[in-house]
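What Swiss-Prot annotates here:
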| type | residues | note |
| --- | --- | --- |
| TRANSMEM | 36-56 | transmembrane segment |
| TRANSMEM | 66-86 | transmembrane segment |
| TRANSMEM | 94-114 | transmembrane segment |
| TRANSMEM | 143-163 | transmembrane segment |
| TRANSMEM | 171-191 | transmembrane segment |
| TRANSMEM | 254-274 | transmembrane segment |
| TRANSMEM | 294-314 | transmembrane segment |
| TRANSMEM | 344-364 | transmembrane segment |
| TRANSMEM | 367-387 | transmembrane segment |
| TRANSMEM | 406-426 | transmembrane segment |
| TRANSMEM | 429-449 | transmembrane segment |
């Protein structure tokens, strides 16, 4: 679009210096913006993916203790590890903002790059619409006025604006805020796991009733608590030494996320008598009370509220930098590439915040189901792009590479694709129709943007750093972006 011909964009060595910074990750005047280091990045990944066991209660409600625990053991191998490995390889191959949009555009063209960007951005905004609502749900028992009416609406608005302002102030601030929030949110579950040991009855973990399993709720709960590993790729250009930092951070993130979901469920289902109907969102606070008393319940409630804020911050960062990356690549209008004096994508933040406010009235379960379906559609495009780039450009530089060949790269994608098919088959008609409409809107938006570009109604251009990189590498044998 505009000045940007992706057929001419040549891939070479994207690292400009020893720190692995990318030309195009920062515009002139923002080069002094501090990059995100390892520890904040791990906690950003943690909050982009899960944020802890809050919401995992539905797995026990849907399938009982045994299948819930097995799900959080097996699911990481089927979904988390393959997605994290692919994200690590692709993010070091293309360490620039935009992440998966760049991968798909490279392999399948900008039309499909825009579609994956649209679906994933919409998923992020839908996801973020949940967090202010859930935050208030955890507090309404202490402050009943927050349950309904004007006080609730005003609280959602104020909370959204405050968290949006934190995103505006810079990714480093968001990262370190995520660290402190993550430590505070997970400490009560570490305490609960220790306190529960004398009360554990292992036989409670083995309860299973295959004839009474809500598979749709079960799979959607697992997927919602363990997906979004690719989100960190959208801000790869903001990471210090991404070719080393990103793979390690993703590895630590997988371990952290898996344990943060499994251990609380292990202690909760093993320490108290089972009543599946009670295992709904927020029930872990009651479990904490039964195990440790009222003080632990209050701590878990405070941790849940804090975790929702952390997930909001991390998700908005990912969504806004995705829009910035798409603009720097010439897929969105140039105005989306503008940064604030703190190096943050101003318009991307405003668009994401507006979407959150518009969607905050939807029901929890419908949001999860619709979001998961859209997310699965985007993941299929990412898996296809990963395999295609492996096949068509095997010699391209990959600072981190999964140690498998073309056949191995296909096999890595098989388990998550099977899971995606299950989610699609089990989805309700209502959710499928809503998701289909959203996809159709994306299909219509791209030609409209092309028309606007042709009429010069809005300006599209590649970031100056990327344009310079393009010019210097036109003769490179490995031309990827098309």
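Positions of Cβ are set from backbone N, Cα and C atoms, glycine also.
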Stretch of maximal Cβ-Cβ contact with the transmembrane segment (367-387) [cut-off: under 8 Å; candidates 94-114, 254-274, 294-314, 429-449]: 94-114
Long-range neighbours of the transmembrane segment (294-314), counting only residues six or more past its ends (CB under 8 A): 43-44, 46-48, 51-52, 54, 127-128, 130-132, 134-135, 138-139, 141-142, 159-160, 163, 166-167, 174, 177-178, 181-182, 184-189, 191-192, 195, 231, 282, 284-286, 288
Same-chain residues at least 6 beyond the ends of the transmembrane segment (254-274) whose Cβ lies under 8 Å from its Cβ atoms: 42, 45-46, 49-50, 52-53, 56, 59-60, 64-65, 68-69, 72-73, 76, 80-81, 84, 186, 189-190, 192-193, 196-197, 199-202, 204-205, 207, 225-226, 229, 284, 287, 290-291
Chain residues outside the transmembrane segment (171-191) and at least six past its termini with a C-beta under 8 angstroms from it: 33-37, 39-41, 43-44, 46-47, 51-53, 235, 238, 260, 263-264, 267, 288, 292, 296, 299-300, 302-304, 306-307, 309-310, 313-314, 317, 321, 343-344
